[in-house]
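Asker: One structure, as structure tokens, below. Some questions next.
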């Protein structure tokens, strides 16, 4: 496995240049050539090219790495379907078809049960807490341990903040109205929805609007006002519900092929790491600013009905979420370890945020 | 002014190396030498060396820039008082004594009335919203415009999240208990406190504990559980109050001397920018994780009384805050412009966060 990846890594467009200009042999000694090696990487993504927030975030990440490295590591972005389909990013980067990918870990729950914990857990951590857990609470180390099995090195690389609960063609007045609904909702949220009587389906973003408009599905959650407006979901379903219990702060991921990663000199590794952290910050800022503008447009210009999910449904969803998480942990020892780490963090985060963020929101209101 | 700064910039330890090793003349042509120039910068800070969160954040930022640049831009950190005192960072970087500083903009309200808006405003934006406003809502452009008058280029470079309201030697049961209190509270929070009857003072962090313990002051706000525990404030004052109305999401700043900034080749500028964004993300994660752990220790091990500020005091503080902000804007046209930009952003942010972050916290609770 390791050797196969190293061989792949050797083909990853690492071309020694620069020193050639002053007469030295490219690749003569690793120490001397490290800073002059050039790398041309492909980044495959699960988003339409330049799709607001997600696609533009991936593009910004690529541009940031290219610029900060002075062009020594150029990253070219491919939208979903351009090089590989949206849901093949994980495999494509694992096998080295592309050196880098931008996606969301919960798409890989079929590959490994613990994957969704590194993106979004129903009633779990919000964006600020995800960052705390990943960077400072052991989360990222667990994520790296898991993805190493697949020849991948993951980095947190974006967050949408709390999402919307979704768009529904008919109003949802109580838990009973959920029964039998066919809803686009991926990850653990979909699992939970199935326990309260809905039929979850997963579709790439680009297919949601037409499915919802034709009635092939009855409801869909996508991201939040910024992205949902861009897809025109308000023209396909009238009722918009909050809060996004299913994705309270989904972390987006940048994944790097392990052999490609190991082929980088240390300063380029540090640049990739810094730029992923930077985009993690920048993307949430973009969603925060654009979501609120888009919400304004949806409510004031398009007359969207913004409603809170009914209490009995929320209670059922919370109970079902606990069961789903417990079942995943029961079936996979690594998932158990991740869940326990996250739960311990969440218990403390709740106590602190009750007297900080929550109490502050209330005091301002 | 410009010429003086450029002359200063020329002395900023920009030494062409590297190409010398393969026989080219250092400095021969700008394009050829840009990537081999070496810069040795000093970063002065307003924090004790390696003080948890703030000092360690500044140190991480310096290390990140040094590493990502492969040593082409090395940054050496100086704690408060090592090179210049805590509250002289702004002037020191402006005149080029150091090329870089790490501090908080509200310390400079005596220099320019609009400065505090770029750090923390009472009942203003929280961390997530500050990032949204600065990066995507026009805030950073205004900040750059303001600091350019002082020969400085500012970057958001850290955030503590919502702080605590402070530590009090006697309980605060109502607004009346605030009258006559001498309290360490800087920035606009201090201004507001003076309007409800307290006497605000500003002290560098390192002087708070002894002042509070000896009774030279009756109360003090510093940061939050993580930092307050590190200073042992619970041993000097028994009553700890929330929420931190005065600093709901203070942005910390990295400021760069403008001539030094202009002397950097583009890739090093991009590295500094990416690393500042990265530390902006990393520091909030650190505070989120460590604040909650420290709160646990304060409450469970040290028996600290954690209390909510009384309603009549909060109402008085909100009214006084509105007045203080209005007065600042009335006295300074640029401050007016900044306040209006921030207020417009905040109005939208409140609508969105009411149905996202706030509604989510409630649903989880």
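Yeah, the Cβs are placed from backbone N, Cα and C, and that goes for glycine too.
All TrEMBL annotations are machine predictions without curation.
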Asker: Report the candidate from A:163, A:266, A:292, A:293 that shares the substrate site with A:184, A:221, A:247, as recorded in TrEMBL.
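Answerer: Of A:163, A:266, A:292, A:293, A:163 joins A:184, A:221, A:247 in the substrate site that TrEMBL records.
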Asker: Whole-number Å distance between the CA of residue A:222 (Na(+) binding site) and the CA of residue A:184 (substrate binding site)?
Answerer: 8
Asker: Relative to the mean position of the Cβ atoms of A:163, A:184, A:221, A:247, the recorded substrate site, which additional same-chain residues have Cβ within 8 Å?
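Answerer: So the additional residues around the site are A:164, A:165, A:166, A:185, A:186, A:189, A:220, A:222, A:223, A:244, A:246.
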Asker: Since the record lists A:163, A:222, A:247 as binding-site residues, which of them has the fewest other Cβ atoms within 10 Å of its Cβ?
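Answerer: Result for the binding-site residues A:163, A:222, A:247: minimum number of other Cβ atoms within 10 Å at A:222.
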Asker: How big is the substrate site in terms of the longest C-alpha to C-alpha distance among A:163, A:184, A:221, A:247, in angstrom?
Answerer: 14
Asker: Mind checking which of A:184, A:221 has the fewest other CB atoms within 10 A of its CB? They're the binding-site residues.
Answerer: A:184
